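All remarks here apply to the structure that follows.
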Amino acid sequence: MPEGPLVRKFHHLVSPFVGQQVVKTGGSSKKLQPASLQSLWLQDTQVHGKKLFLRFDLDEEMGPPGSSPTPEPPQKEVQKEGAADPKQVGEPSGQKTLDGSSRSAELVPQGEDDSEYLERDAPAGDAGRWLRVSFGLFGSVWVNDFSRAKKANKRGDWRDPSPRLVLHFGGGGFLAFYNCQLSWSSSPVVTPTCDILSEKFHRGQALEALGQAQPVCYTLLDQRYFSGLGNIIKNEALYRAGIHPLSLGSVLSASRREVLVDHVVEFSTAWLQGKFQGRPQHTQVYQKEQCPAGHQVMKEAFGPEDGLQRLTWWCPQCQPQLSEEPEQCQFS
């Protein structure tokens, strides 16, 4: 599923439509009837971790105070949530996002349970409704264009993907949402202290979570502490920190955990910057056969016995597994 940096790019693409009225709808969604959005006004959009939220109102003037502006490309270690420079991404006409079709199979990370936040269709006439968009494996948002088939399916048909939701706006443009779950919510699920791309990200909370007596690769995917972090960021941060994915957090020194969190934030921020600047993503170990040092990369699915197994890439030489004895701090 799209990770935090890509979902923030989706947010950037949707933001220019804030303040416009939905004049026509379409899509294959069964749980949410696209027609229920007809004539509503898109008044706000927010992004939190891997989730995108869209606020719809009945009237043009009912937008909430302090509506979220489009996030700017981060210039510092932590993503800032201010206004974006339109020159870096351009106008919405003809733009579309990359759908990440080259990725291997991804599953929902541990701790990302949608059930407690979902509601039934919002009552008719209820102002301030938030549409919660949870993206699937190849989830994407397209602007003023539709996704096209890149290859034939198993039956040999060149059938274009079917959008889950299409919103046409009074300004003439439209948005198409693919491979996603749509549900109404009374308000966005907001926990900025666990969002790895938020300036309010709580490092202390993340470091404490990493100290648990379980493999660090499990903890990194726990959205309660690392919202927006997915399999790509997990693999790349662990490699850059030189930590074996199955190393128990409880045996890592405080300094090693600090380094790991640093790499999580740095890689995520660089990925987001690249999205805004049109630069391709470069990975060192994810889906690689060799690491930058020329060593053979191992691949295996890891996860809790009662949880989801996620494909993991690591270099046994650059990321040696630690014993279960805590690391000792060295003083010079």
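Note that Cβ sites are derived from N, Cα and C of the backbone, with glycine treated the same way.
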Legend entry - Annotated N6-acetyllysine residue, as Swiss-Prot has it, among Lys80, Lys154, Lys275: Lys154
Inset, instruction - Name the residue among Lys50, Lys151, Lys288, Lys299 that Swiss-Prot annotates as N6-acetyllysine. - result: Lys50
Legend entry - Record-annotated phosphoserine (source Swiss-Prot) among candidates Ser68, Ser187: Ser68
Inset, instruction - Calculate the distance in Å between the alpha carbons (Cα) of Lys50 (active site, proton donor) and Glu3 (active site, proton donor), and round it to a whole number. - result: 6
Inset, instruction - State the count of C-beta atoms found within 10 angstroms of the C-beta of Glu3 (active site, proton donor), not counting that atom itself. - result: 26
Inset, instruction - Using all protein chains in view, find how many other C-beta atoms are within 10 Å of the C-beta of Arg310 (active site, proton donor). - result: 25
